[in-house]
Amino acid sequence: MCRNVQLNGVAHLVHPRQADARMLMYQHQKASERFDVIDLDPYGSPAPFLDAAVQAVSEGGLLCVTCTDMAVLAGNSGETCYSKYGAMALKSRACHEMALRIVLHSLDLRANCYQRFVVPLLSVSADFYVRVFVRVFMGQAKVKASASKQALVFQCVGCGTFHLQRLGKASGASGGRVKFSAACGPPVAPECEHCGQRHQLGGPLWAEPLHDLDFVGRVLEAVSTNPGRFHTSERIRGVLSVITEELPDVPLYYTLDQLSRTIRCSTPSLLQLRSALLHAGFRVSLSHACKNAVKTDAPSSALWDIMRCWGKECPVRRERLSETSPAFRILGVEPRLQADFTIREDANPSSRQRGLKRFQANPEANWGPRPRARPGGKAAGKAMERSRLHQNKRKEPAEDPVQRAARLKTFPCKRFKEGTCQRGDQCCYAHSSPAPEDRPETPYQNPPGPGVASGPGVD
């Protein structure tokens, strides 16, 4: 780093430091010594650095956080997610957006300890990681509102229907004041109203908008004005365009395959389902976190009514369904809403019409994060390569078939002694009886049969 600073002539701007990142940020807690921008991009979880980062960033400064531990954030280890981020992650189709909201919840929770709060600018789920950009501010009154920005998630284990329950409630009071209190709930019954299954409880997570659309618009304009500045400008334009089309006030989403798999029917096209929701008077959008996502403000009852209508157009063989399955119970109710699947022009989003690069495919097989960096750099890498080459070096080489046959011929065939071996010369053991002088002496003889005297002095 020092050599690069000298080569680029930026010694008056860049001051490299080799130290523990947490201790360095803790040493810059004073308002006059805080950083304008902090970018956390460790291998795996940034959880150990969040507490120091929210204290070391300046008032209104930018905090960028990257998380590559998606297995934890996506619900594979809910208890590990709680220990790192203070929230339980659920396995669901909306796991990538849930991961973003868990990270924002963790940032806001740590900032609240120091009378600070976060304002998201941009939250992106891409490839095998999530990345959030937030601004950090000071304000005791705004910190009190943080509880009303967090929510728990009730998710049905059968049909996947989810409901959000805010942790706090903010209501108006006399004199223009805001009164904060605990929210009332839960929003669901012990059993799901659609399929009768139980609910899983996840969260808390961030329930407010993930992006500042004005900021996203300015970034999109800057990239579009100078497309040659970045090698990935096409992908940046596509992802940001989808973000501007997302419904900002609708947390989480459903997916096409999830809805159709639940009722065991063929999958409708994206335009057909979006058109049905628009005909019913609801809003609908895509999500940059999932290619076949359906983000809508329609209640779950209306969404399942639309799927029941689709199940009638593409009949489901109900005789094959179990009476306790979610599909049987959902299809056993007549829809109150009659869906219209006629394609509407506004059902096709602008980014899709323009053919933007919205969802990039993996460039190679097994695409994902590389192994953790090890001390020693290239030398350590060469040592690991040598260890791979010398694996199983103590293992004996495979025996030659001719040598094996010669070795086995030195042992007499037990079946030949019994008179049951029929292989003759093809037998891998020897059929010749050993000479008397070659026979080993047996110190112990078989015990005498019944009626035969035994003991000392008896021959």
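Glycine is no exception: its Cβ is also placed from the backbone N, Cα and C atoms.
TrEMBL does not curate its annotations; it predicts them automatically.
Between the listed ranges 323-350, 407-434, TrEMBL ties the annotation zinc finger to 407-434. Sorting each residue of the domain 'C3H1-type' (407-434) by its DSSP state yields 10 helix, 2 strand, 16 coil. When pLDDT is averaged over the domain 'C3H1-type' (407-434), the result is 83.
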